[in-house]
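Notes follow once the structure below has been shown.
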Amino acid sequence: MNLILEFLLLVGVIIYSYLESLVKFFIPRRRKSVTGQTVLITGAGHGIGRLTAYEFAKQKSRLVLWDINKRGVEETADKCRKLGAVVHVFVVDCSNRAEIYNSVDQVKREVGDVEIVVNNAGAIYPADLLSAKDEEITKTFEVNILGHFWIIKALLPSMLRRNSGHIVTVASVCGHGVIPYLIPYCSSKFAAVGFHRALTAELDTLGKTGIQTSCLCPVFVNTGFTKNPSTRLWPVLEPEEVARSLINGILTNKKMIFVPSYINISLILEKGPGFSSKHPHGGSQQPVTPIPGDLTPSSDFLKH
């Protein structure tokens with residue numbers, strides 16, 4: 001029965017992908033210019049953050065790059081400068097509230113108002129729940145969601161005054177579905193998706209329609225935090241593909257950026273009738289979506 005349901009899901013995904021491609025071909029979304037705008041990217045020392053910085057550098061944005069890894073973020077900055085961008089580098093621990101507030105104040109003094117912020121810094125410690133260390137659970141939430149609160153609280157006032165800006169939350173498909181051995185990570189990403197949605201609603205209520213929000217939700221990204229990743233329907237992505245999708249989503253003011261895009265319909269179909277997940281010991285787990293495939297977590301610590 002599971003194979004039949006997966007086949008139907010695959011058919012739905014294929015149909016959706018073709019229809020989406022046709023719509024994009026005949027009705028392309030208008031792209032905005034970010035040339036000269038100040039863009040703050042956290043977790044810019046490698047991975048998605050680094051490659052997103054490259055994409056903004058190609059757009060001739062002015063970059064403010066944060067990372068806890070000085071060497072990594074300096075390497076990112078060097079490449080961005082070669083691409084023609086003006087770059088400012090800050091070594092920041094995004095799990096430290098005081099450090100975040102102090103760094104934002106420094107950015108305001110030395111660079112000016114931030115017009116686009118990409119909250120990308122992330123932490124993950126794969127383990128079953130009982131093996132997860134308390135300090136690792138705490139660190140996961142400090143970086144993956146609490147850091148978002150402190151950064152936006154510090155940057156939002158100037159955006160509200162101007163009624164202009166763009167707030168980007170880097171979450172994950174794990175903010176919509178679940179996977180074993182990543183309970184703290186999945187929980188923090190559910191919180192990140194909720195943060196994006198609640199902030200979007202609040203800005204709309206305030207009438208601040210000039211402030212855009214986007215949330216990036218990729219599936220598994222090849223950043224080395226899992227061993228032998230394999231999925232039946234969802235691919236393992238390269239960071240370059242995710243960064244390109246993110247910049248395209250930002251330039252078109254897309255609210256929810258799924259990578260690949262058919263993940264959206266996949267999640268909807270899996271939550272529909274007949275697609276409820278079964279607990280290994282029996283029973284149903286609706287409406288939470290299990291992520292298909294088999295991922296064996298490594299012991300590596302990941303920062304985006």
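Cβ atoms here come from the backbone N, Cα and C positions, even for glycine.
Checking K79, K108, K208 against Swiss-Prot for the annotation N6-acetyllysine singles out K79. DSSP gives L40 (NAD(+) binding site) a strand state. For L40 (NAD(+) binding site), the same-chain residues lying six or more positions away in sequence with a CB closer than 8 A to its CB are V64, L65, W66, V107, V114, I116, V117, V118, I151, L155.
Closest to S172 (substrate binding site) in space, going by CA atoms and restricting to the recorded positions S33, T52, K79, is T52. Nearest to A44 (NAD(+) binding site) in space, judged by Cα atoms and limited to the recorded positions S33, K79, Y185, is K79.
Classification of K79 (N6-acetyllysine) by DSSP places it within a helix.
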